[in-house]
Amino acid sequence: MKTLLLTLLVVTIVCLDLAHTRICYSHKLLQAKTTKTCEENSCYKRSLPKIPLIIIGRGCGCPLTLPFLRIKCCTSDKCN
């Protein structure tokens, strides 16, 4: 019985992913959608300020913004 409980505990920890990783889309313009498991707790989406529907890139973390780029950061899985 103790072995069964220990096994269930290990499976629960693995499934819950207590390492606090984030799943983010990680691809550039005109590439197929890919995902990446990131250690950072945020994802970003980079686009042009004048044309926000054209997404230049996506990835892990939250990079610094530049005047000619729009960067949206978020903190849930596949939010970018």
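Each residue, glycine too, has its Cβ placed from N, Cα and C.
What Swiss-Prot records for this protein:
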- C24-C43: disulfide bond (DISULFID)
- C38-C60: disulfide bond (DISULFID)
- C62-C73: disulfide bond (DISULFID)
- C74-C79: disulfide bond (DISULFID)
- 1-21: signal peptide (SIGNAL)
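Cβ-based crowding with a 10 Å cutoff singles out C43 as the top-ranked of the disulfide-bonded residues C43, C60, C62, C73, C74.
Between the CA atoms of C74 (disulfide bond) and C38 (disulfide bond) there is a gap of 13 Å, rounded to the nearest whole number. Distance noted between the C-alpha atoms of C24 (disulfide bond) and C62 (disulfide bond) is 12 Å.
The two recorded residues C43 (disulfide bond) and C60 (disulfide bond) have their Cα atoms spaced 5 Å from each other.
Take the CB of C38 (disulfide bond) and look out to 10 A: across all protein chains shown you find 17 other CB atoms.
Of the listed disulfide-bonded residues, namely C24, C79, the sparsest Cβ surroundings within 10 Å are found at C79.
Near C79 (disulfide bond), with the C-alpha within 10 Å of its C-alpha, lie none of the disulfide-bonded residues C38, C60, C62. If you measure from the Cα atom of C73 (disulfide bond) to that of C38 (disulfide bond), you get 14 Å.
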